[in-house]
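Enquirer: Got these off TrEMBL a minute ago, pasting:
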| type | residues | note |
| --- | --- | --- |
| BINDING | B:HIS9, B:ASP13, B:ASP74 | Mn(2+) 1 binding site |
| BINDING | B:ASP15, B:ASP74, B:HIS96, B:ASP148 | Mn(2+) 2 binding site |
| DOMAIN | B:180-306 | domain 'DHHA2' |
2 protein chains.
Amino acid sequence: MGKTLIFGHKNPDTDTICSSLAYADLKKKLGADVEAVKLGDVNKETQFALDYFKFEAPEYLPTLEPGTEVILVDHNEFQQSSEGIEAARILEVIDHHRIANFETKEPVYFRAEPVGCTATIIKKMYKENQVDLPENIAGLLLSAIISDSLLLKSPTCTDEDVEAAHDLARIAGVNLEEYGLEMLKAGADLSDKSASELISMDAKEFSMHGAKVEVAQVNTVDVEGTYAIKAELEAAINKVIEEKGLDLFLFVVTDILNNDSDALALGKSADKVEKAFHTNLIENRAFLKGVVSRKKQIVTNLTDAFAE
Amino acid sequence: MGKTLIFGHKNPDTDTICSSLAYADLKKKLGADVEAVKLGDVNKETQFALDYFKFEAPEYLPTLEPGTEVILVDHNEFQQSSEGIEAARILEVIDHHRIANFETKEPVYFRAEPVGCTATIIKKMYKENQVDLPENIAGLLLSAIISDSLLLKSPTCTDEDVEAAHDLARIAGVNLEEYGLEMLKAGADLSDKSASELISMDAKEFSMHGAKVEVAQVNTVDVEGTYAIKAELEAAINKVIEEKGLDLFLFVVTDILNNDSDALALGKSADKVEKAFHTNLIENRAFLKGVVSRKKQIVTNLTDAFAE
């Protein structure tokens, strides 16, 4: 048996990468033979955090051999995981998402908590296991919380996340607000992205009462700048809809300064977006006031709309 | 919103009932408005434990209203849960089984650990939350571990379960071996059970690579006495197979003194039992040397046999 692989979801974000690296550090200190890997390229925001705290990104995992022992962080739904996950031996899951399309043959250590970020759970696990949290690992965990909570402003952010973030900033020796805004802005620079990159860099697929729905999200400080290539975005989205047989593709452009979103909806079930958010699509776009969380505001409302 | 209901699986066993009661005690002490309920009659073994430690069985839950807030213990697969579980609001799951056929819309507190008994996890949660474990609750948790581990002899029993059982026996003020054997024997008295009671009192349904499989188990000190009504058992099993459209019904009679089992297999996939255990069915029966655990020895081997 080789090393146990620790990884987060496809289209990795900062929580997925940083939680994989941090949990690998903790498991190694507890005597396990583990290695963090990634399922795709790291984004600019994550790269900023890795550079700041002097980490290398994990190795890319191209294929998962059957029977490999794995630990999943920051996801559990198989369609968001590595190809071949069904034939892997899942030892643990550490997550903060809804649970769906997950199955094991044997009992497993599964820890999901309704907090804003996987990193918040991993910080707690250092304490529970009485392992000192290194400064640079604290920096990674802090970056993950800032990312998932949009600097503690998302409705997914719990008191526990806020408390953890302040603790971690102190341990890492950074100013939470200053470091956080700098990191988010690094990730919000979309100027060099093509339409197909924009719609896939943080895309997740969901099954909603039988419908196939993909929700992609980008953070920006310039919403209209992102829509400058609206025609290309629509063409790229329609191509994905056709290839995957999707009922709906929702592309969510989130304004990290004002904490609102402006979404582009395509597919034969685009009317579900109108129903879910009590709004009208104008040229396929809808302004979603106060909406920043895919998990707590978008997926939940859309799932309800598909249930009707 | 009414109270949050805490319950274990259908056909409740000692872990399901005792863990529901204990977790309700802990949650109440942490300020939650909860109530333990049961999904079916308690068996004689569980009744012995309840009487010994002076508890009433939880109330029976006939139907689950949509939107009710619930906490599941000792199970997660929806087909083993209350009717209507899909429309309930699941807040937490505390379990030690494989995870399958479980889905939520929102993030949830899900804690599954690969230990032998839910009660072992709940004992730990008292400690984590710095709540004193009362003597009589310790007795319930001990009873659950003895039941699930057949007095610490099942292969599902981990070091953590053994340690927890010894701690709990000390707190409850009972001799582990003496109390344990007395409790198991109380449950192993099957003399007043009809064939249809025997095959349903601890039956669970599983989906194995598309096949519908039900595995029922009884504990006894008199295997041949149980098979005295073999013809009635077969008739009752064939009726269930027809009603539920099962591919296989496996009735496992476990000898708690010698830690072996003798199983009765019916259904069009009965040959999978021969494959799973490298044995031959003789008049539908097979002796399964050293097999006592449905979870770790029966379901795993059968699932593999159905995969081929």
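Cβ coordinates are placed from backbone N, Cα and C, and glycine is handled just like the others.
I'd like to know what surrounds each of these features in this structure.
Expert: Classification of B:ASP13 (Mn(2+) 1 binding site) by DSSP places it in coil, neither helical nor stranded. Just so you know, the Cβ of B:ASP13 (Mn(2+) 1 binding site) picks up 23 other Cβ atoms within 10 Å once every protein chain is counted.
Around B:HIS96 (Mn(2+) 2 binding site), taking its Cβ as the centre, 28 other Cβ atoms fall within 10 Å, counting all chains.
DSSP places the residues of the domain 'DHHA2' (B:180-306) in helix, strand and coil in these numbers: 57 helix, 36 strand, 34 coil.
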Enquirer: Applying the rule Cβ within 8 Å of the centroid of the Cβ atoms of B:HIS9, B:ASP13, B:ASP74, what extra residues of the same chain belong around the Mn(2+) 1 site?
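Expert: Here the nearby residues are B:GLY8, B:ASN11, B:PRO12, B:ASP15, B:THR16, B:ILE17, B:SER19, B:VAL73, B:HIS75, B:GLN80, B:THR118.
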Enquirer: Listed binding-site residues are B:ASP15, B:HIS96, B:ASP148; which of them have CA atoms within 10 A of the CA of B:ASP74 (Mn(2+) 1 binding site)?
Expert: B:ASP15, B:HIS96
Enquirer: Starting from the Cβ centroid of B:ASP15, B:ASP74, B:HIS96, B:ASP148, the recorded Mn(2+) 2 site, name every other residue in that chain with its Cβ within 8 Å, sequence order please.
Expert: B:GLY8, B:ASP13, B:THR16, B:SER19, B:ASP95, B:HIS97, B:GLY116, B:CYS117, B:THR118, B:ALA119, B:ALA144
Enquirer: Distance between B:HIS96 (Mn(2+) 2 binding site) and B:HIS9 (Mn(2+) 1 binding site) at the Cα atoms, whole Å?
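Expert: The separation of the Cα atoms works out to 12 Å.
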Enquirer: Measure from each Cβ of the binding-site residues B:HIS9, B:ASP13, B:ASP15, B:ASP74, B:HIS96, B:ASP148 to the Cβ atoms of chain A, and list in sequence order the residues where some distance is under 8 Å, or 'none'.
Expert: B:HIS96
Enquirer: Rounded to an integer, what is the Cα-Cα distance in Å between B:ASP148 (Mn(2+) 2 binding site) and B:ASP13 (Mn(2+) 1 binding site)?
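Expert: Per the Cα atoms, B:ASP148 (Mn(2+) 2 binding site) and B:ASP13 (Mn(2+) 1 binding site) stand 9 Å apart.
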Enquirer: Tell me, by DSSP, whether B:ASP148 (Mn(2+) 2 binding site) is helix, strand or coil?
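Expert: Note: B:ASP148 (Mn(2+) 2 binding site) is helical by DSSP.
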